[in-house]
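As annotated by TrEMBL, domain 'Glycosyltransferase family 28 N-terminal' applies to 4-142. Per TrEMBL, UDP-N-acetyl-alpha-D-glucosamine binding site is recorded for 10, 11, 12, 124, 195, 250, 295. The domain 'Glycosyl transferase family 28 C-terminal' feature in TrEMBL is assigned to 188-353.
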Ligand SMILES: CC(=O)N[C@H]1[C@@H](OP(=O)(O)OP(=O)(O)OC[C@H]2O[C@@H](n3ccc(=O)[nH]c3=O)[C@H](O)[C@@H]2O)O[C@H](CO)[C@@H](O)[C@@H]1O
């Protein structure tokens, strides 16, 4: 099969695409893949690092207010559709897949206009702007939360879950935390604010460092690459307790997750797919800055099932973060119960499900 795939901007759109590619390559080692993204998005590093052929088009998102920038956005969209058509004609895919982000708007739209079979994957409980636009043109739509079906033409929707879940579910603990300086035999709390890091979570997490000093577990705090240098200059980052570790980014997150006891993080949909695939208790701090507050809705699906606790960003303080995390890490029964509940919500065969949909529409 020749698969052209596009998804960009943040890890939450990119990692599901990579997981689908991995599942396809396992099933069909002769499969030919091309990934289309932008130079500016995280995909321009993550995708070539994964050894996948990568091409770019130039595109940007719409501003919500009336602005001259939107004229440029329309111009870039039309140009990127033309550029995408050129890439599609050269690569001759059997099927084109979009996993969200502005870039896949142009690529998948171009494919649909060229009558190539198309599939989009919506990770969230509320449809993204790009997927909503594309839903008119595509053949099928894979979803991860039942509620989001209402945002799309019902006959196109298939519940598949997030393929990253299957990629993560297949990995066994292998002392990977040691590569980051942590101990292999201690429970570990992971704190991170999504694939790009989150300023408020970062400032709060660094302020908790000394509070964790005497805890019988270790803390791995991941800042996001763009925040790391500035954060490490703060006095609080200079004299860290021996059980508190800071990293800019974890490129091999699927490898470390099976060794994590509990997570404090945003409620990005791909992170939640990982948390539920493995059954990890979590404390979720949804981003209030995303379309239609979709992270709160994502988070509530786990909170309602007693699989996660929720702290609103506006209520986040160092004391609240430490107390909530410490309470969880100190209560084995609670951890086990939440882990069990999280796992119930997981879809550990999501990549196979999405591949089935892909094969059903592909020209090959
Ligand atoms: C601000 C924003 O628009 N966020 C959106 C974005 O989030 P974001 O890109 O943060 O996505 P998620 O939290 O869903 O996923 C993050 C992904 O990055 C990985 N990771 C993270 C940190 C790290 O150091 N290493 C690493 O590999 C995680 O394992 C996970 O696979 O896409 C999600 C999925 O559509 C949405 O639900 C989020 O609302």
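Each Cβ is built from the backbone N, Cα and C atoms, and glycine gets one as well.
Automatic, uncurated: that is what TrEMBL annotation is.
Long-range Cβ neighbours of residue 11 (UDP-N-acetyl-alpha-D-glucosamine binding site) (same chain, at least 6 residues apart, Cβ-Cβ under 8 Å): 42, 46, 194, 195, 196, 268, 270.
Summary for the binding-site residues 10, 124: the Cβ-based neighbour count within 10 Å is maximal at 124. For the binding-site residues 12, 195, the largest tally of other C-beta atoms within 10 A is found at 12. Cβ neighbour count for residue 295 (UDP-N-acetyl-alpha-D-glucosamine binding site): 27 (other Cβ atoms within 10 Å of its Cβ, all protein chains included). Counting Cβ atoms from all protein chains shown, residue 250 (UDP-N-acetyl-alpha-D-glucosamine binding site) has 18 others lying within 10 Å of its own Cβ. Among 10, 11, 12, 124, 195, 250, 295, the residues given in the record as binding UDP-N-acetyl-alpha-D-glucosamine, the maximal Cα to Cα distance rounds to 23 Å.
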